[in-house]
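*Asks:* Would you mind keeping the following structure in view while I ask a few things?
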């Protein structure tokens, strides 16, 4: 397939825009971000830095398109293990535990919520993963076709907040686990240890991230199996009864919002981890391997979290209640592992703490592309330098947050998670209704050949309105969300309304925009 063709991803066939005997000229600005210069031969500081780090195997490419002849990573197994490792972590375990500890659900209803909402939440991630091989574009660059060249910067800004914020929240959880094992390891030390390991992996880029994730899930899975075995042997499991009525409806919806937000949170990164796959790779196989890599760890860890959280219901002197009340998820896992396993149980907890590295690698690697999409000046900063900057920023948030505003930070992250439903509403509508599932790959860096972005910005605003009306958070109840469930608690349908409002409004607005501008 020659550079300079469109690809119809539904048919896996090239759509000619340029003849093969007249290939497109090399666009060095699109390749390096530096007008008129390629980092292979240029003399700018940017080019010199790129060549210097390239000698050590550091990925040099940022948001530039990956040409077809460089898409040589033919292992679809690595696509699956990428997401397997990113979700076989203590963070997803803690999401499952919320079903009992926060939303007071029964065992069966919590499990059913985990299953069906994860099936829904991962579908956009799997779908957009198929775009990487077809176009060789990162997810945020691909989003220019949905939002326009300039409006996509709003999307990138929200993605930056998500990447940095969740990295900070995750690293705090990991540091707390390390501190629970050894109180001589202060919070800031645990944060630095986990962040430094994450930085080293993401510094080298795509190949090293995939290599690490290919194996890092194995020790975590073994530890979770040990947790499962020890908990089953303890006899502390309780088959909590399912409730009914408005209280149950509100709790299920609110828990579903948390599960959905975590599962679909990878959507804005999806294509980043398949851009080096061959252009002719099967779209169905890419979808399937991504699906398998997501559904298994999410359901396994979250359902395990639900099961173990049932032990927190009962007498106040229950060791699981004491552990959870004292140290949160770390204390709950310690109550499972420490009494029967002693020092080995502590070692297991350290493994789970280090699982945060696998969870944060996608956050920090994809952060760099969102930063580069913000403007020309951010694009001329090499990807590996943005990795360092991003690491410093989330550490600067996490270290004071460890003991002062962790709960505030986590609530904020839950709030901005609504934007993903808006992103999906607009991008899927553009793809299926207006773009007709075909894109001109030569237009990704040309504003005048992309959607103007007016419709997407306005629809984004309507999506925010829908989220506000339907949300049910500890600190705010939307006018619709408060009408579901118990008074004062409500039921969270913010994701549903955000998707609906953005989809409907974008369909109407984009129709007029396309008639007016013709693109």
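Placement of Cβ uses the backbone N, Cα and C atoms for every residue, glycine included.
A TrEMBL annotation is a machine prediction, not a hand-curated record.
Here the structure is a predicted model, which means the values were calculated and not measured.
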*Asks:* Looking at 60-80, 249-269, which stretch does TrEMBL describe as transmembrane segment?
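*Replies:* Going through 60-80, 249-269 one by one, TrEMBL flags 249-269 as transmembrane segment.
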*Asks:* Which range is it, out of 320-338, 339-357, 358-376, that shows up in TrEMBL as transmembrane segment?
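*Replies:* Range annotated as transmembrane segment by TrEMBL: 320-338.
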*Asks:* If contact means at least 3 Cβ pairs within less than 8 Å, sequence distance 6 or more, would you call the transmembrane segment (110-130) and the transmembrane segment (82-103) in contact?
*Replies:* yes
*Asks:* For the transmembrane segment (185-209), name the stretch out of 82-103, 215-237, 380-400 with the most CB-CB pairs under 8 Å.
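*Replies:* Ranking 82-103, 215-237, 380-400 by Cβ pairs under 8 Å to the transmembrane segment (185-209) puts 380-400 first.
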*Asks:* Which listed range (215-237, 289-313, 454-477, 489-509) shows the maximal number of Cβ pairs under 8 Å with respect to the transmembrane segment (412-433)?
*Replies:* 489-509
*Asks:* Determine which residues of the chain contact the transmembrane segment (320-338) at the Cβ level, with the cut-off under 8 Å and only residues 6 or more beyond its ends counted.
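*Replies:* Distant contacts of the transmembrane segment (320-338): 90, 93-94, 97, 101, 173, 176-177, 179-180, 226-227, 230-231, 234, 236, 308-309, 311-312, 314, 345-346, 348-349, 352.
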*Asks:* In the same chain, which residue numbers or ranges, 6 or more beyond the ends of the transmembrane segment (249-269), come under 8 angstroms Cβ to Cβ?
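*Replies:* Those are 83, 86, 91-92, 95, 98-99, 102-105, 109-110, 113-114, 117-118, 120-122, 124-125, 128, 139-140, 143, 155, 159, 162, 166, 243, 294, 298, 302, 362, 366, 414, 417-418, 420-421, 423-424, 472, 484-486, 489-495, in sequence order.
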*Asks:* Is the number of Cβ-Cβ pairs under 8 Å between the transmembrane segment (289-313) and the transmembrane segment (454-477) three or more, considering only pairs separated by 6 or more positions?
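*Replies:* When sequence-distant Cβ pairs are counted, the transmembrane segment (454-477) does not touch the transmembrane segment (289-313), since fewer than 3 lie under 8 Å.
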*Asks:* Between the stretches 82-103, 150-173, 215-237, 454-477, 489-509, which wins on the count of C-beta pairs under 8 angstroms to the transmembrane segment (380-400)?
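*Replies:* Of the candidates 82-103, 150-173, 215-237, 454-477, 489-509, 150-173 scores highest.
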